[in-house]
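Trainee: This is the structure, below, for whatever I ask next.
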């Protein structure tokens, strides 16, 4: 078997994707399919941590205009990410893939607190580590969390799973003439204003020289394909 392209990665999943075709909530068949993809990718030999959003359950930004303060709303959203991590952890364990959820918040009855040492330990043991609670601070997205955690644990890349197969010059769903980039620098991604990740995430990735691979999660097996170097996507790297 060929060596995977990366020894350790952070996979960033959107919470909305876990809802499947539903407007909100957790769609179990979708969670099970993603768990299968993650387990298959782990079998290639790459150590995998996962940061998942919480938008399928709660979005703090949306309630800030309805009387809930932004910090409170963001905290509620970060707690939603822990729920998604627990759902993925259970789905992975059912498949026989050992997993461990870690949270940025202290909640010992629910899951262990994130520390770099704990993440290193579980990753080296072959577990898939699920990172919930965002950064633990309001105003930071889970995209930024993914880059931050990747830098902290020494990951070699962030795999940003989306519903399109890379970064395009414009929205390919609205503009049939949109072209896909094979490669961009972090600075080009920032200056171009591409909406695939927020500016803070791109800036932190640039500062830490961390590659981001943007790809579509819709195709089963796409995570493994990226790790093997055969997947379709856009590499954002300096």
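In case you wondered, yes, glycine gets a Cβ from its N, Cα and C as well.
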Trainee: Report the candidate from 37, 74 that shares the UMP site with 54, 135, 136, 137, 138, 139, 140, 141, 142, as recorded in Swiss-Prot.
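Mentor: Between 37, 74, Swiss-Prot records just one in the UMP site with 54, 135, 136, 137, 138, 139, 140, 141, 142, namely 74.
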Trainee: Within the same chain, and leaving aside 54, 74, 135, 136, 137, 138, 139, 140, 141, 142, name every residue whose CB is within 8 angstroms of the centroid of the CB atoms belonging to the recorded UMP site, in sequence order.
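Mentor: Leaving out the recorded residues gives 77, 78, 134, 144, 145.
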Trainee: For the binding-site residues listed here (54, 55), tell me which residue's CB has the most neighbouring CB atoms inside 10 Å.
Mentor: 54
Trainee: Please list residues from the chain of residue 14 (ATP binding site) whose Cβ is under 8 angstroms from its Cβ, counting only those at least six apart in sequence.
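Mentor: Once residues fewer than 6 apart are set aside, residue 14 (ATP binding site) is near 52, 53, 55, 161, 162.
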Trainee: Restricting to the chain of residue 137 (UMP binding site) and a gap of 6 or more, list residues whose Cβ falls under 8 Å of its Cβ, or answer none.
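Mentor: Sequence-distant Cβ neighbours: none.
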